[in-house]
Amino acid sequence: MIKAIVGANWGDEGKGKITDMLAQEADIIVRFQGGANAGHTIVNDYGKFALHTLPSGVFYDHTTSVIGNGVALNIPVFFKEYQDIVDRGVPAPKILISDRAQIVMPYHILFDKYEEERLAGKSFGSTKSGIAPFYSDKYAKIGFQVSELFDEESLKEKVVRVCETKNVLLEHLYHKPLLNPDELMDELHEYRKMVEPYVADVSLYLWNAIKEGKEILLEGQLGSLKDPDHGIYPMVTSSSTLAAYGAIGAGLPPYEIKKIITVCKAYSSAVGAGAFVSEIFGEEADELRRRGGDGGEYGATTGRPRRMGWFDCVASKYGCRIQGTTDVAFTVLDVLGYLDEIPVCVGYDIDGKVITDFPTTVELEKAKPVLEVLPGWKSDIRGIKNYEDLPENCRRYIEFVEEHIGFPITMISNGPGRKDIIYRNK
Ligand code: GDP
């Protein structure tokens, strides 16, 4: 069976923890989109890890970790991460990299940086991992698939051709040093050596795995609201963050994705620019940020403080719907135990009209949150295993959210570890 684990919000919902947890029962974990621009933080028996490109199943002996064709593959970052986990005592993971995955080129990272500098105050808040230039080139059909590394002649011809166009921009738009095709070829030869042992026809491998009845997890990065089509465009990422894209980014039949587990955090956080209706500021935000996640809400890739907000039913209802949710995993609930009262955003007021269906970005920019305040539970819920043992106000909070988003919350995460989970039959 194939299950997708995806985010309902702006990312950082705790998908890594849920994937790591469900990977116990899985054979294959697949990344199908995104790149090294966001991270998952995972706490397990080996320690605490921030992964950017490795799938969150790499900590188990019995799993195979797969990089699908939809990923923006930064080869040196990938292998550094691989080496880091092995150095920290994790058994060398089994890895497959799609021969159709495209490569983040060194110049993609430069262009990302130069463009952010050029836009200055109007920038998108990019992590400068080269993701937007990478996907632009992919769709402009001047990207490089992993398979192309293995045909020297055509590779050289294409590198020369691509450098020509890139150099026009470098010289006249950015006023930066030009690319040298020979140096780039040397780098690509290094990349080739690194990936060679792992390259595979991933979609065929997965097709056969489905036939053999294997358990496959698709691990999404970021969340619904960062999807380029359905998110808060243009403050989005450059590849689809939706479970549906799992079929494309891994080369699978869409009808095989039977379960879509949408991870939804018990409060909101976001990185980068863009409308964030339930955002809070000042001391109130600082306290939630300090207490949030596991050791504070700071970016796993950049270390930047995340923007904080109350739970947003409007955004989350939409985020779950657009994913095609079958199950909601409601995470980081333990963090809210310090609050006397917990505001929840239940509607958006746009020019005096209250809506509960998430609007397009132009409308969203005008939205003011309509808040409802719920009583807190004022206790530590970590370690609780049964739903009935949660404090009454905590269950009220969960059930309130469930009713407003309209999708069943079947898992509740009450701590960062693998075992901090409450299953709920719905
Ligand atoms: P992802 O990108 O969706 O995987 O999310 P991140 O890893 O960026 O953020 C989730 C953070 O919350 C990480 O630091 C996790 O260790 C932590 N975390 C996940 N689930 C829980 C939970 O239920 N409670 C607490 N306190 N922390 C959690």
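We count from 1, first residue shown onward.
The backbone N, Cα and C atoms fix where each Cβ goes, glycine too.
Copied over from TrEMBL:
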type	residues	note
BINDING	11-17, 39-41, Arg306, 332-334, 413-415	GTP binding site
ACT_SITE	Asp12	active site, proton acceptor
BINDING	Asp12, Gly39	Mg(2+) binding site
ACT_SITE	His40	active site, proton donor
BINDING	Ala300, Thr301, Thr302, Gly303, Arg304, Pro305, Arg306	substrate binding site
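Of all the binding-site residues listed (Gly11, Gly39), Gly39 has the fewest other CB atoms within 10 A of its CB. Closeness to ligand 1 is met by Asp12, Lys17, His40, these being the recorded positions among Asp12, Lys17, His40, Arg304, Arg306 whose Cβ falls under 6 Å from the molecule. When the recorded positions Asp12, Gly14, Pro305 are scored by other C-beta atoms within 10 Å, Asp12 scores highest. When other Cβ atoms within 10 Å of the Cβ of Asn414 (GTP binding site) are tallied across all protein chains shown, the result is 24. Arg304 (substrate binding site) has a Cβ environment of 13 other Cβ atoms inside 10 Å. On the backbone, the CA of Thr302 (substrate binding site) and the CA of Leu333 (GTP binding site) stand 24 Å apart. The shortest Cα-Cα distance between Arg306 (substrate binding site) and any of the binding-site residues Lys17, Gly39, Leu333 is the one to Gly39. Within the set of binding-site residues Gly14, Lys17, Leu333, Asn414, the entry lying nearest in space to Pro305 (substrate binding site) is Gly14 (CA atoms). Taking the C-alpha atom of Leu333 (GTP binding site) as reference, the shortest distance to any of the recorded positions His40, Gly303, Arg304 belongs to His40.
Within 10 Å of Asp12 (active site, proton acceptor), counting CA to CA, the recorded positions Gly39, His40, Gly303, Arg304, Asn414 contribute Gly39, His40.
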